[in-house]
Amino acid sequence: MTDRFNLNLANPLLSNLGNLMQRLAPALRQDNVPLDLISLIKTILAATKEISFRVSQGHLGDVMGSTLDENIQGEVQKQLDVVANELFKDILLESGFVKAISSEEEDHSVAGDENGKYIVSFDPLDGSSNIDINSLIGTIFSIHEAPKDMAAGDDDMFKQSGNKQVCAGYVLYGPSTMLVMTTGSGTHFYVLDRTHGGFLLVERNVQVPVDTNEFAINMSNQRFWQAPMQNYIADLIAGDTGPREKNFNMRWIAAMVGDIHRVLCRGGIFTYPADSKKPEQPYKLRLMYEANPMAFLLEQAGGLAMTSQGRIMDIEPESIHQRVEVIMGSKNEVEKCLSYYK
Ligand code: AFP
């Protein structure tokens, strides 16, 4: 319970609330999260609070528009991407908690403190095409323990499966700024309380409904998908006149943070399948700082996170910017989708 709420928790109606509205650190201590990991998480959140403020300033913050450079993924980099990346990088590398960081915006991992216990992969601003239209964007992060036998700055340090994540989360810069995070003891929702500047726990142990009638996919790629995905989506669109005998709704935010947040809140299936649009690049989403952290969050909330070949978190990464096929969300619907690949 926060200092700001003077509630009588002896009242049975309010006793449940005692566990909620908790500040972040006590909530993490309740989940037995080690103190140095709590300190690292607080460092990450300090950067996201600054990004949240700058995002809310919009044009006033003079951060709109594109730089002339292109980032290493070949996409036009928005100025806010650059700002967010620098903020994240600086604050993490100065903290002493991290041995290295890896960012969507950096070609290679960047060395931190040789004695740092953790390594952090992050996408500083996911959904960057939404920046200029004042729509949903977010920061995604994934934390692993740093291997002791490798030097800081060695990219191989990051080649650890999603199963080995000790923490994953995202901060969604929406109408409210929300933190969604897991340390392996359930997925919890927090909201940034701007009056005291901290994140407060608002929902513990979020559960993704196992069934759904909502799907998220970029339909404009339809003709490039493989046959199983073509057939699956065709059956969803056929609605109550097709084999599924029920109508489905579609949503696409074009920011994975926004789409996965909706799935965590009310269920759904989110997929970015393999496609043949660019034959040299069959997948779009990144394993280390998009698919793995979202997979950890969804599995901790009772959902599934797969490729058509197996569990996302079982993949042994080959490179820090590896891309991967993604089929994730409500358990029964993901299983249904995968049945088309058999
Ligand atoms: P950007 O951050 O480069 O805008 O990409 C966002 C993203 O990686 C993911 O968050 C979205 O789900 C997906 O790309 C959107 O892809 P489309 O551009 O094909 O809609």
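Cβ atoms here come from the backbone N, Cα and C positions, even for glycine.
Noted in TrEMBL for the protein shown:
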{"type": "DOMAIN", "residues": "34-203", "note": "domain 'Fructose-1-6-bisphosphatase class I N-terminal'"}
{"type": "BINDING", "residues": "E104, D123, L125", "note": "Mg(2+) 1 binding site"}
{"type": "BINDING", "residues": "D123, D126, E290", "note": "Mg(2+) 2 binding site"}
{"type": "BINDING", "residues": "D126, G127, S128, S129, N218, K284", "note": "substrate binding site"}
{"type": "DOMAIN", "residues": "209-341", "note": "domain 'Fructose-1-6-bisphosphatase class 1 C-terminal'"}
Can you list the residues of the same chain, besides D123, D126, E290, whose Cβ falls within 8 Å of the Mg(2+) 2 site's Cβ centroid?
E104, F122, G127, G138, I140, Y170, M256, V257, L285, R286, Y289
Using DSSP three-state counts, the residues of the domain 'Fructose-1-6-bisphosphatase class 1 C-terminal' (209-341) come to 58 helix, 23 strand, 52 coil
Compute the C-alpha separation of S129 (substrate binding site) from E104 (Mg(2+) 1 binding site), stating it in Å without decimals.
15
Sequence gap of 6 or more, C-beta under 8 Å: which same-chain residues meet both conditions with respect to E290 (Mg(2+) 2 binding site)?
D123, D126, I140, M256, V326
Greatest Cα separation in angstrom, residues D126, G127, S128, S129, N218, K284 binding substrate per the record, works out to 16
Within the same chain, and leaving aside E104, D123, L125, name every residue whose CB is within 8 angstroms of the centroid of the CB atoms belonging to the recorded Mg(2+) 1 site, in sequence order.
D81, A84, N85, S103, E105, F122, P124, D126, S128, T139, I140, Y289
Around ligand 1, within a Cβ distance of under 6 Å, which of the binding-site residues E104, D123, G127, S128, N218 show up?
G127, S128, N218
State the count of C-beta atoms found within 10 angstroms of the C-beta of G127 (substrate binding site), not counting that atom itself.
21
L125 (Mg(2+) 1 binding site) versus N218 (substrate binding site) - Cα distance in angstrom:
20
Per DSSP, to which secondary structure element type does E104 (Mg(2+) 1 binding site) belong, with helix, strand and coil as the options?
coil
Tell me the Cα distance separating E104 (Mg(2+) 1 binding site) from G127 (substrate binding site), rounded to the nearest angstrom.
12
I'd like to know which of the binding-site residues S128, S129, N218 has the most other Cβ atoms within 10 Å of its Cβ.
S128
Helix, strand or coil at D123 (Mg(2+) 1 binding site), per DSSP?
strand
8 Å Cβ shell about D126, G127, S128, S129, N218, K284 centroid, substrate site members excluded
N130, A254, A255, M256
